[in-house]
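**Student:** The structure is given below, and queries will be raised subsequently.
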């Protein structure tokens, strides 16, 4: 105590309330507090019952801490010293030590441990330190503002996490629900098919069984007749033998052929599981978009049907395009009336045996005038067919990327767009049960887009086939 008598009160004061300890407790990290102060400042405990130490943030359990009896006895002894007096010399604390930043008495200042330190009368020190209060208050306010911003950010992130988890669970539940529905429907369909096969096979087998039993009965009857003839006298034997053998040969020649049953059920193998997966993949696609062509955007050579789901290039000379910037004036193309801006979308286009076409999406603010530079940086994401056999992806390059040439060009194209995932995928949708991947763009779209359909020039009748938008009731060409 004699080494630093003025510091004893500070050491026995709670860092939270700045008063002498009241029922002091010492956390696992070594810091001590009034029990009530620790519970008040720490707030609600975590799931494991711990709170963060206000001084070092180490976890501690305030309810499990016992009162520090040594600190309590020291506090009780110090409390007997009059307020504002030296604990060692009991003289008034009238001098401020700048070096140790504490109040001391005259004896400590002149003879004790603070001798030779920078000392000020208490009144002068009070006046000088008061001038520092505004700056310290400002620092405190700035620190509070920074922490409040941090708290706001964390609270916002917490809300975002909750929303993200909610959306994730919803999406998982929705997709797995669709899978369960698909598999249940498939199981029911296969069960009905198995029941049909069993019924058909049962009818055929029972019919065959009845026929064979009837034939077998005839053979047994002939066996009895032969036994009876064997015992007949010579004349009667010879007369009946010829009749019996003739009848027997006729019966033998009428023997029914063996039954041939064609039981056709799927073989449960890895290929079966793969085929089921491919069918389920198609079933999980979003509902088919009911798109229609926008006649106001169509090149003058294009003819859009009244239903808005069929477009073809006319071989008649077309008038020049007008001044409407929504209309294509060079590219023989048209966009859909529907603007897509968020979520998931899936649509299909019947291309048939058309030898040249291009499909995809176009940025809403992309220019439709002049020759189109079909690359993503210009707001166009396209896949097309050239010369009736070469599929091309219009990527960011001087020339389109030629894809693997299919044995048979797709007659129907499926397009899947996900704004959240940044995916535009193209599929061969010719098989009504299976989608076969062709190509995918993987990038976040900069904004809303229109589905675009490049019909291409009719090429003197060689490319006159129309494009059809597939809907709930597909329009026939």
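Glycine residues also receive a Cβ, built from the backbone N, Cα and C atoms like all the rest.
In case it's useful when we look at the structure, here is the feature table from Swiss-Prot:
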{"type": "BINDING", "residues": "14, 17, 34, 37", "note": "Zn(2+) 1 binding site"}
{"type": "BINDING", "residues": "29, 31, 53, 56", "note": "Zn(2+) 2 binding site"}
{"type": "BINDING", "residues": "86, 89, 105, 108", "note": "Zn(2+) 3 binding site"}
{"type": "BINDING", "residues": "97, 100, 114, 117", "note": "Zn(2+) 4 binding site"}
{"type": "COILED", "residues": "135-232", "note": "coiled coil"}
{"type": "DOMAIN", "residues": "271-475", "note": "domain 'B30.2/SPRY'"}
{"type": "MOD_RES", "residues": "144", "note": "S-nitrosocysteine"}
{"type": "MOD_RES", "residues": "255", "note": "phosphoserine"}
{"type": "ZN_FING", "residues": "14-57", "note": "zinc finger"}
{"type": "ZN_FING", "residues": "81-122", "note": "zinc finger"}
**Student:** Listed recorded positions are 37, 56, 100, 114, 255; which of them have CA atoms within 10 A of the CA of residue 108 (Zn(2+) 3 binding site)?
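**Tutor:** Among 37, 56, 100, 114, 255, the ones whose Cα sits within 10 Å of that of residue 108 (Zn(2+) 3 binding site) are 114.
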**Student:** Summarise the zinc finger (14-57) as counts of helix, strand and coil residues per DSSP.
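**Tutor:** Looking at the zinc finger (14-57) with DSSP, the answer is 8 helix, 9 strand, 27 coil.
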**Student:** Of the recorded positions 105, 144, 255, which one sits closest to residue 117 (Zn(2+) 4 binding site) when you measure Cα to Cα?
**Tutor:** 105
**Student:** By CA distance, which of the recorded positions (37, 105, 144) lies nearest to residue 31 (Zn(2+) 2 binding site)?
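**Tutor:** Among 37, 105, 144, 37.
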**Student:** Just to be sure I understand the packing, how many Cβ atoms besides its own are within 10 Å of the Cβ of residue 97 (Zn(2+) 4 binding site)?
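**Tutor:** Residue 97 (Zn(2+) 4 binding site): 21 neighbouring Cβ atoms within 10 Å.
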**Student:** With DSSP, how much of the zinc finger (81-122) is helix, how much strand and how much coil, in residues?
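**Tutor:** In the zinc finger (81-122), the DSSP-based counts are 6 helix, 11 strand, 25 coil.
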**Student:** Can you tell me the CA-to-CA distance separating residue 105 (Zn(2+) 3 binding site) and the residue listed as 'phosphoserine', as a whole number of Å?
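**Tutor:** A Cα-Cα distance of 133 Å.
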**Student:** Which number gives the other C-beta atoms within 10 angstroms of the C-beta of residue 108 (Zn(2+) 3 binding site), all protein chains shown included?
**Tutor:** 26
**Student:** As a test of reading the model: what is the averaged pLDDT for the zinc finger (14-57)?
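**Tutor:** Within the zinc finger (14-57), the model's average pLDDT equals 88.
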**Student:** Could you measure between residue 56 (Zn(2+) 2 binding site) and residue 37 (Zn(2+) 1 binding site) for me? Cα positions, answer in whole angstrom.
**Tutor:** 16
**Student:** Using Cβ-Cβ distances, find the residues under 8 Å from residue 34 (Zn(2+) 1 binding site) that belong to the same chain and are at least 6 apart in sequence, listing them in sequence order.
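**Tutor:** The answer is 14, 16, 17, 19, 21, 22, 23, 24, 25.
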**Student:** Enumerate the residues of the same chain, 29, 31, 53, 56 excluded, that satisfy the criterion Cβ within 8 A of the mean position of the Cβ atoms of the recorded Zn(2+) 2 site; list them in sequence order.
**Tutor:** 27, 28, 30, 54, 55, 57, 58, 60
**Student:** Among 53, 86, 89, 255, these being the recorded positions, pick the one whose CA is nearest to that of residue 97 (Zn(2+) 4 binding site).
**Tutor:** 86
